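Trainee: The structure under discussion is supplied below as structure tokens; questions concerning it will follow.
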Amino acid sequence: MGIGSMSPIPMLSRDSSVCSQSVIQQYLIVMKIQGRSHMKLNHQMRLPLLLQPGSSALNSSKEHKQVYVKELDPVSGKFIERSYKLLNVLEFNSSRKRMSVIVRDEEGKLLLLSKGADSVMFERLAKNGREYEEETREHVHEYADAGLRTLILAYRELSEEEYKAFNEKFSEAKNSVSADREALIDDVTEEIEQDLILLGATAVEDKLQQGVPECIDKLAQAGIKIWVLTGDKMETAINIGYACSLLRQGMKQITITLDAPEIIALEKMGEKNAIAKASKQSVLRQITEGKNQVATSSTEAFALIIDGKSLAYALDDDVKKLFLELAIGCASVICCRSSPKQKALVTRLVKEGTKKTTLAIGDGANDVGMLQEADIGIGISGVEGMQAVMSSDIAIAQFRFLERLLLVHGHWCYRRISSMICYFFYKNVTFGFTVFLYEAHASFSGQPAYNDWFLSLYNVFFTSLPVIAMGVFDQDVSARFCLKFPLLYQEGVQNVLFRWRRIIGWMLNGVCSAVIIFFFCIQALNLQGFNKDGKIAEYQILGATMYTCVVWVVNCQMALAISYFTLIQHIFIWGGIALWYLFLLAYGAMPQSISTTAYKVFVESLAPTPSFYIVTIFVVISALVPYFVYKAIQMRFFPMYHGIIQWIRYEGWSDDPEYCNMVRQRSIRPTTVGYTARSLARTNPLDGIQNHR
């Protein structure tokens, strides 16, 4: 339900309340607001409006649009149908922050009807149109304090000559094909959107979706820095901040505005250069003072709140670095009355200034620039339309789904991809290093260790499917525990699973496995009778034995690294090993001209010989022992976040609320936002939380 405050309009000949209703009806029709609504007038009179666009309103844009209204006449009590002709639409954009239409009523009068943010509408009022300005400002502040979204309504009557001159310039600007077409249109509309008469203000309730505070609390515990970029008034944004626990009692608020008396006085005088100079100096001074406050206190939580006018100066090249440093030092940042362009610029500033991964989430067309500027854009589909969804990387239905998207699937995908890449390094280093060691052992004679088809099919059939399955299905921690312990997301924030130390560690593990495989096979098969006929193991037998050990080791290593087994992973891991034996059997049965060094090597040499199986088992166990010992020591003495949660699940402590709270508090700091941090701040345990880390 929308509510509004309106002032009587003495311009028209009818009764003032009826005139107010008529003008607002025209405005609502042009803005395509359909259905039943009530407008609350200053004189406490309710007038029902039945808005019904006629069929001709759907005509081609090349024609004038006609809008029909059924209006309840308060005198006769009957419905009267009126028509209005829509002549021009002055579209909204990020710099204008307003939208206007020009209509002609049945009496032939030309009216310019405008709506927009209070920051741009009040300065465009005529001297005789400010009669109810103070009263309207009070209403706007009341609505904003109640968490409502507000708009200012104003109008002016145009003469035929004035409209004719405007329409010529407007048509010329719209038909322009130059690069500055938008600037030309803005200049023309700026001229006519002056000397407006204030009608009043409207306010619309914009409730938070279900689960928003809980989602923000979990994201904050996960170590994600949350900024709010909104077009709402400052009071509305602050109320929303408290509702979703981005703000809390006791948090020091650094507010940057241009509401100083000297700035307001300059605005009324209309001296643009003086206003710009004084405004920039004021913003710079407030940013510097705020930065000093943050620097002098490292234990208190600060919230930065800045309005759109101030943000325009804070984003200047010589100021934005200071602004970013101040914002980074605050627990939460709320940018109010932000235009779509400012949202995109703030996103770019954070992305380029911090070198961090940025994620933007929005549901409307005014969020498109922000979504496209961020590294990851998430659009919410809903009543605001599909523009955000069409411009985003990922689409969700509600904001609360972001919790599961990031904390569950984000953690799983980060771990899967990092583990998959590290394992690719491992298995290829293991395989390649055995080839290198054999070449060194053979004095680089050029004699290959493996058959050509062994080399070709290693990454195609025998070891590739298990790692793909791990990258798709592996789960180190269940979804329930990911949501219960958001600190798991810190592994991705801190990049503990994909840093160079971990990658090099897996490569060293591959080198270690290759050394064990090669030297154990060489020593076990060196210069001794290999079968019952007393023949020694030639290079064909040695190569097939080493290859068998490599396939076994890298697949069993995969089995040790996986935390969540599925039927598919079992099939791929053990099926890859079985496929090697089947291939060796089938390939060896082919004519010697095709199978070359693998000709009947399995049937005649390997399969009948017990030492082949003994060497395989011994080498596989020996190659896996170093990794097993390392993981056991790490889990016991230096566990990572997911290791802690796995240990909790294994020991059955997941239902112990005291222990779980202690683990969760590892991600809570005095500067953390969310209702969990707010409740902890009341009991003041945050001073001791650092001792748990």
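Each residue, glycine too, has its Cβ placed from N, Cα and C.
Per TrEMBL, the features are:
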type	residues	note
BINDING	Phe92, Lys115, Arg149, Thr230, Gly231, Asp232, Arg337, Lys343, Asn366, Asp367	ATP binding site
BINDING	Asp363, Asp367	Mg(2+) binding site
DOMAIN	389-639	domain 'P-type ATPase C-terminal'
TRANSMEM	453-473	transmembrane segment
TRANSMEM	503-525	transmembrane segment
TRANSMEM	545-564	transmembrane segment
TRANSMEM	571-590	transmembrane segment
TRANSMEM	610-630	transmembrane segment
Trainee: Sort the binding-site residues Phe92, Arg149, Gly231, Arg337 by C-alpha distance from Asp367 (Mg(2+) binding site) and give me just the closest.
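Mentor: Result: the closest of the binding-site residues to Asp367 (Mg(2+) binding site) is Gly231.
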Trainee: I want to check the contact list for Gly231 (ATP binding site): same chain, sequence separation of six or more, C-beta distance under 8 angstroms. What comes out?
Mentor: Ala117, Gly308, Cys336, Arg337, Ser338, Ser339, Asn366
Trainee: Mean pLDDT for the domain 'P-type ATPase C-terminal' (389-639), rounded to an integer?
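Mentor: Within the domain 'P-type ATPase C-terminal' (389-639), the model's average pLDDT equals 90.
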Trainee: Cα distance, Asp363 (Mg(2+) binding site) to Arg149 (ATP binding site), nearest Å?
Mentor: 16
Trainee: I need the CA-to-CA distance for Asp363 (Mg(2+) binding site) versus Phe92 (ATP binding site), whole Å please.
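Mentor: So the alpha carbons of Asp363 (Mg(2+) binding site) and Phe92 (ATP binding site) sit roughly 17 Å from each other.
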Trainee: Measure from the Cβ of Arg337 (ATP binding site) and count the other Cβ atoms within 10 Å, all protein chains considered.
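Mentor: Looking across every protein chain shown, the total is 25.
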Trainee: Using Cβ atoms only, which residues of the same chain lie under 8 Å from Phe92 (ATP binding site) while being at least 6 residues apart in sequence?
Mentor: Arg98, Met99, Gly116
Trainee: When a 10 Å sphere is centred on the Cβ of Arg149 (ATP binding site), how many other Cβ atoms does it contain?
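Mentor: Step by step: centre on the Cβ of Arg149 (ATP binding site), count other Cβ atoms within 10 Å, giving 18.
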Trainee: Determine the Cβ neighbour count for Asn366 (ATP binding site): the number of other Cβ atoms within 10 Å of its Cβ.
Mentor: 22
Trainee: Among the binding-site residues Asp363, Asp367, whose Cβ has the fewest other Cβ atoms within 10 Å?
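Mentor: Ranked by other Cβ atoms within 10 Å, the binding-site residues Asp363, Asp367 bottom out at Asp363.
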